[in-house]
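K.L.:
According to Swiss-Prot, the feature domain 'Radical SAM core' maps to 372-650, an assignment based on sequence analysis. Under the heading [4Fe-4S] cluster binding site, Swiss-Prot lists CYS386, CYS390, CYS393, citing sequence analysis as support. Taken from Swiss-Prot, the feature region 'Disordered' covers 686-723. According to Swiss-Prot, the compositional bias 'Basic residues' annotation covers 714-723.
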Amino acid sequence: MSAISLIQPDRDLFSWPQYWAACFGPAPFLPMSREEMDQLGWDSCDIILVTGDAYVDHPSFGMAICGRMLEAQGFRVGIIAQPDWNSKDDFMRLGKPNLFFGVTAGNMDSMINRYTADRKLRHDDAYTPDNVAGKRPDRATLVYTQRCKEAWKDVPVILGGIEASLRRTAHYDYWSDTVRRSVLVDSKADMLMFGNGERPLVEVAHRLAMGETIDQIRDVRNTAIMVKEALPGWSGVDSTRLDTPGKIDPIPHPYGEDLPCADNKPVAPKKQEAKAITVQPPRPKPWEKTYILLPSFEKVKGDKVLYAHASRILHHETNPGCARALMQKHGDRYVWINPPAIPLSTEEMDSVFALPYQRVPHPAYGNARIPAYEMIRFSINIMRGCFGGCSFCSITEHEGRIIQSRSEDSIINEIEAIRDTVPGFTGVISDLGGPTANMYMLRCKSPRAEQTCRRLSCVYPDICPHMDTDHTPTINLYRRARELKGIKKILIASGVRYDIAVEDPRYIKELASHHVGGYLKIAPEHTEEGPLSKMMKPGMGSYDRFKELFDLYSKQAGKEQYLIPYFISAHPGTRDEDMVNLALWLKRHRFRLDQVQNFYPSPLANSTTMYYTGKNPLGKIGYKSEDVVVPKGDRQRRLHKALLRYHDPANWPLIRQALEAMGKKHLIGGRRECLVPAPTIEEMREARRQNRNTRPALTKHTPVEHQRQGLAANKKRGKGAGR
């Protein structure tokens, strides 16, 4: 285990004195109607949470955690789930909240929830009863906030959730293909909370309850607010000067020609004089009370290099131990982003997950099936955060790089609660995991490094020597969990970070011997160095080593088990040749992927910055810095996706065209080393039939002989018709 962290909160999450309404006690379910409020004896709600998801009282759903957390502090909390956004009426169903509205789009970004990576409308929604689509609007955070303001203009609105969190600064919006302002500006909300919200939510709620106004609360970590100028007492630095070196002292001459000559006189010893010692106060750390001024919204919208620069700065200011505040101008005001909150301790995590969740959907949904709940109802979240730092993923920016783990006892208690109380439990726990399966209790072994490090990833390009890779706590947890009475099987469904796992083969043996149901998901994402370097993913050497150990331990356990690798197509940095090599690798290893994913440019991700700007924010940004190859356009993105499904006959014509254009005709045919078969006679006939009705596009620059050939061919086919 690592030493005691230097990153400590000012106070414990549960140290606040309870609000007076604690006398009502916890509600069976947080109320969604006035009738439920009446049954609880409430005349009003102190806080109302508005969400784009169905209300499931389970710790995998953000609104359940936030609601139960606030309830434990003594507040009366109501839920408005998936309201009708066409008018303000549905937002008034619980009356006027005494303190504030909390608004979130839900567990997913509403645009990703509603649209595919090809910008096509989805026809389902896993967070809605019976999987019905269309129960939340586009950009739900904006719409819900506007309706809350229409309903009660004088009630503060606080934004939260993944959608608001990843849009806290000016950001590239894939769906409109433009740079948009911070969601705080567009929504006109009073405050935005990014990342995990327990600490800021509890502090702001108590301070509002004690009489402060929302405008007076400006210093809470993990929050963003609108200001006209920097906060008093803070000093700033322009982001464009952070990489500029300071004054450099001249190097002294090694032979001392410029030194004064000696006069050969005896030197009298100096008398030692007593000096008063002045005790200086401790110097403030360089990141305390310091903010970075990012390029303004107007500048990053008009200059892609400045956009990439701003993104790079933001990603380096995510360590709660040393992060500085950020300030970005929007028009005549600024978005002020306070440093990230201090991670929860193990004791605080245990308390959050011990709150009185019912672990089922609200009774108002009756027998309706909620797919997202069905997926996780027998799974357990054992930790938060991820130090992988993958460029295409926003977990690190949302949950942080420091792993926040629950205690073994807390997890065992939850397994027993599922066994004893959740309807339909058959003895199988579907997952013990989190963002990554095998980062439980892993953290930096050096408290000083943990506090001051600004690395984007603790495992790329190599695993940091300070990072703990001992999987003993995870192994002990697995062993204790599967010994529980009534538990038949503990499965691991979260993705395994295989480059960490190979550092402790005992974990792979434990996993393969007891916790795999035939298939194990891992995510190499690609095989080629070009895209892997932009994704910040390890090379295939780690994958090969993991597969070797996994196959060995599966065989020793007498089990036939397989790895299911996940890959991303059309990621920035990927050339057509890279995708061909990946397809050849898949064929060589006899993989036929059914579900494949094109890169989806989500807000705030480093990969999205590459997609939009063509620059690499993983290194220093400049107008002459590295350019990144970006697969854009529907045809190229379709080609990259088709190459992942090289075995699908529907993709063969497109793949053949690409191979011919790349000069790789030798990969077309029936030989073992070929990627796709040659076209059949029927396919060639069909191609000729399709070309029969086409005409050459002739211009005045077309050579005369070609014009005559084209006219003759047209007359022969159409007998001169259509001229």
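Backbone N, Cα and C atoms are what each Cβ position is placed from, and that goes for glycine too.
Help me picture these features in the structure, burial and contacts included.
P.N.:
Around CYS386 ([4Fe-4S] cluster binding site), a 10 Å sphere centred on its CB holds 24 further CB atoms from the protein chains shown. In this structure, CYS386 ([4Fe-4S] cluster binding site) belongs to neither helix nor strand by DSSP; it is coil.
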K.L.:
Which residue, out of the binding-site residues CYS390, CYS393, shows the minimum number of other Cβ atoms inside 10 Å of its Cβ in this structure?
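P.N.:
Relative to the other binding-site residues in CYS390, CYS393, CYS393 has the fewest Cβ atoms within 10 Å.
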